[in-house]
Structure formats: structure tokens, C-alpha cells
Amino acid sequence: MTLSLSGFFILASVVQGLFIGLAILCAPFFRSSTNNYLAGFILLVSGMTFLGWQEFDHFWPDYFWSLMWEFLIPVLLFQYALRLLQHPYLRAPWLPWLYAPFLVVLVADIIFDLDFSFGVYTLPFPQQHPAYQFYDSLLDSMALWWNIFFFGWIFRIARNDRNAAADKRRWLTRFSIALLLVMSVWFLSDYIQYRTAVEDPYSMLWLALSLLFWYIAYVGVYQLRIVDERAEIGALRDQLLEPATPANVSVGNDYSPALRQLMEEEQLYRNPDLGRQVVAEQLGISEGYLSQVMSTQVGQPFADYINSYRIEEAKRLLSSPEFNPYSLEAIGLEAGFKSRSAFYTCFKKATGTTPGMFRKEVKTS
């Protein structure tokens with residue numbers, strides 16, 4: 001089999017989709033009751049993308065492909081969105097009924113297929129009957145609009161739910177927009193199929209779904225897991241640990257005690273966007289005078305002073321066995337660093353070792 005560049009990209013994306021789905025179901029880092037719905041969505045879409053793109057011309061792959069999974073996929077994703085946001089709709093009595101269209105269509109397909117595909121019995125009309133052909137084409141249109149309806153609903157819920165975490169709302173908003181864009185490609189592919197003589201009108205759809213897998217992999221799975229880890233780390237730290245106090249920070253006789261209080265009691269260093277202006281306003285002085293305080297009283301540049309607290313915080317978290325299950329990136333971000341690279345660079349500069357080696361040395365000591 002000779003693959004084009006786009007074909008290779010689609011195949012690689014499908015493999016990644018299958019890997020992500022299985023990783024979510026099996027790996028402790030990703031596994032959760034919420035992510036299980038996302039895994040189901042990813043695995044189903046990966047399988048449909050592969051079967052639709054490859055066209056095996058064998059009975060069982062074609063039969064699996066012909067089933068109307070399109071009525072199940074958006075419901076799984078809707079359940080994922082509700083669980084991610086902990087939305088009140090989770091307690092709605094109508095929620096399980098959202099699976100009814102898929103089940104009804106599945107039963108109807110099985111009834112038809114026992115005649116048309118398996119020959120178990122004979123229905124009073126052939127597969128070529130105009131009424132059945134109309135039903136078949138109607139299902140395709142209904143499946144498209146069923147997906148559009150749910151993805152639009154997810155978008156609206158994510159935008160309007162002010163009680164959920166901002167990171168999760170932002171992810172679902174962008175994800176639903178991406179899905180609606182995929183739906184527009186689906187609509188265009190249907191139009192091309194029925195209005196033109198293009199040989200493979202759905203190649204654009206498979207490519208769009210492939211791009212979606214890469215987006216889900218980094219933003220929807222890894223980054224959101226980091227968000228959850230940070231929340232867990234913050235709650236656990238508040239229960240177990242005292243505030244960080246760098247040993248090398250000197251205390252002056254004027255503003256430095258107030259500055260130290262801001263760091264140790266209010267933990268301003270945990271804000272990754274913390275700058276001179278915020279600290280100066282808290283102290284009631286100008287930014288220029290704050291620079292003078294840092295130079296004459298504290299004896300450290302502002303950035304080094306803030307990072308010393310962040311590094312001490314990261315060291316405490318890395319040294320505590322209770323935080324061993326959490327990733328290095330989540331610990332660095334929760335300590336106040338803006339990115340993984342900033343955390344690694346500052347930590348190695350201050351300690352002479354990487355966060356991973358530091359944790360390993362603590363475990364073996």
C-alpha cells in the first residue's frame with residue numbers, strides 16, 4: 001500500500017488517537033471517570049476515521065462502519081463536558097434518554113440488516129425500495145445535525161457556567177468550536193458527494209478529524225490533567241506543609257519585613273504573572289522605590305527574590321512523599337513558575353540539579 005503525505009498524516013493521527021484513548025483508560029496519570037467518556041469518544045472517532053478513510057471492502061469492517069455511531073459520539077462528549085464542569089445537568093432525569101436515538105437507530109439497523117446483510121428472514125420490501133432509501137439518507141442528515149446540536153450545546157454551557165474552573169471552560173469552549181468546524185467540513189463533504197463527481201469527497205473530513213486528535217492529545221488530556229494535579233497539590237499542601245521561607249533571604253529594618261510577610265502569608269510568589277507593580281501597590285510605594293528596597297534592604301534583584309520562594313516551595317513539594325504521584329510540571333506551575341522550561345532553568349540554576357534528579361536523590365537518601 002502506497003501512502004500519500006496526507007494519508008500518512010491521517011494514519012499517524014489515527015494511531016495516536018487509539019493510543020490516547022487506551023492511555024486514558026489504562027494509565028493512572030490520565031484515568032478518571034470523567035476522562036473515560038473522552039476516551040470512548042476518541043476511540044470511536046479513531047475507528048470510524050480509519051475505516052472510512054481506508055475502505056477495506058470486507059464485510060465486517062464495512063458493517064461496523066455502516067452502523068450509526070454518529071448518534072452515540074456527541075452524547076459521550078456531552079457527558080464528558082458535564083462531568084468536567086460538574087454541571088447540574090448531571091442530576092437531570094432526562095440525561096440517560098440522550099442515548100435513546102442511538103439505541104433506536106441501532107435496533108432498526110439490526111432489523112434491516114438481518115435481511116439485507118445476513119439473510120435471516122425476508123422483509124416485505126427490498127433494500128432498493130424508495131422508502132428505505134429515503135430513511136437511509138434521512139439518517140445521514142439527522143446524524144449531522146444531531147452532532148451540531150450537541151457541540152453547540154457544549155459551547156453554550158461552557159460559556160455560561162461561571163462556577164467551573166476557567167481553564168476547563170476555556171478548553172471546552174475552544175474544543176466545541178473546533179468540533180463545529182469539523183462539522184462544517186462534514187457538511188461540505190456531503191455536499192460534494194451529492195453534487196459533484198469527486199472520487200473521495202470525505203478525505204477533507206478524515207484530515208480534519210486527524211488534526212482534532214493532535215489538539216485533544218495536548219490540550220484536552222495532558223494540559224487538563226496538569227490543571228487537576230495543581231488543584232490537588234494546592235489542597236494537599238494547605239493541609240500538610242508550612243509556608244515556604246528561603247534561607248538566603250535577608251530581613252531589613254524597613255519594607256523588607258512587609259515584603260516577606262506578603263510572600264510567606266499571602267504567598268504572592270504563587271502568581272506566575274507577579275510583577276513589581278503588584279508588589280509595590282501592596283506595599284504602598286512606587287516601583288522605583290521598590291527597586292531601591294530590593295537593592296539596599298533585601299540584597300537581591302526582584303526576580304531572584306521571588307524565584308527563591310518558588311524554588312523553596314518546589315523543593316518542599318518534591319521532598320514530600322505525599323506529592324510523589326504528581327508530575328514535575330504540575331509542581332513547578334503550582335509553585336508559581338509560568339512554564340515548565342522556566343521552572344527547570346531556575347531550579348537548576350539555584351540547586352545545581354534538575355527537579356527530577358532532586359526528587360530521585362530525596363527518595364534514595
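Just so it is clear, glycine is given a Cβ too, placed from its N, Cα and C backbone atoms.
Taken from TrEMBL, the feature domain 'HTH araC/xylS-type' applies to 257-361. Across the residues of the domain 'HTH araC/xylS-type' (257-361), the predicted structure has a mean pLDDT of 89.
Sequence-distant contacts of the transmembrane segment (6-30) (same chain, at least 6 residues past either end, Cβ-Cβ under 8 Å): 36, 38-40, 42-43, 45-47, 49-50, 53, 203, 206-207, 209-211, 213-214, 216-217, 221, 225, 325, 327. The feature transmembrane segment is assigned by TrEMBL to 6-30 (among others).
As annotated by TrEMBL, transmembrane segment applies to 37-54 (among others).
Outside the transmembrane segment (66-85), and at least 6 residues removed from its termini, the chain residues within Cβ reach (under 8 Å) are 33-35, 37-38, 40-41, 44-45, 48, 95, 98-99, 101-102, 105-106, 109, 139, 143-144, 146-147, 149-151, 153-154, 157-158, 161, 163-164, 168-169, 172, 179, 224. The transmembrane segment feature in TrEMBL is assigned to 66-85 (among others).
Listed as Cβ neighbours of the transmembrane segment (97-123) (distance under 8 Å, sequence separation of 6 or more from its ends, same chain) are residues 59, 63, 66-69, 71-72, 75, 78, 132, 139, 146. Residues or ranges marked as transmembrane segment in TrEMBL: 97-123 (among others).
Summarising the annotation, TrEMBL assigns transmembrane segment to 143-159 (among others).
As annotated by TrEMBL, transmembrane segment applies to 171-189 (among others).
Summarising the annotation, TrEMBL assigns transmembrane segment to 201-221 (among others).
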Hey, does the transmembrane segment (201-221) touch the transmembrane segment (37-54), meaning at least 3 C-beta pairs closer than 8 angstroms, sequence gap 6 or more?
-> yes
Helix-strand-coil residue split for the domain 'HTH araC/xylS-type' (257-361), DSSP-based = 79 helix, 0 strand, 26 coil
Beyond the flanks of the transmembrane segment (143-159) by 6 or more, those residues with Cβ under 8 Å of it = 68, 70-71, 73-75, 77-78, 81-82, 85, 87, 89, 101, 169, 172-173, 175-177, 179-180, 183, 186-187, 190
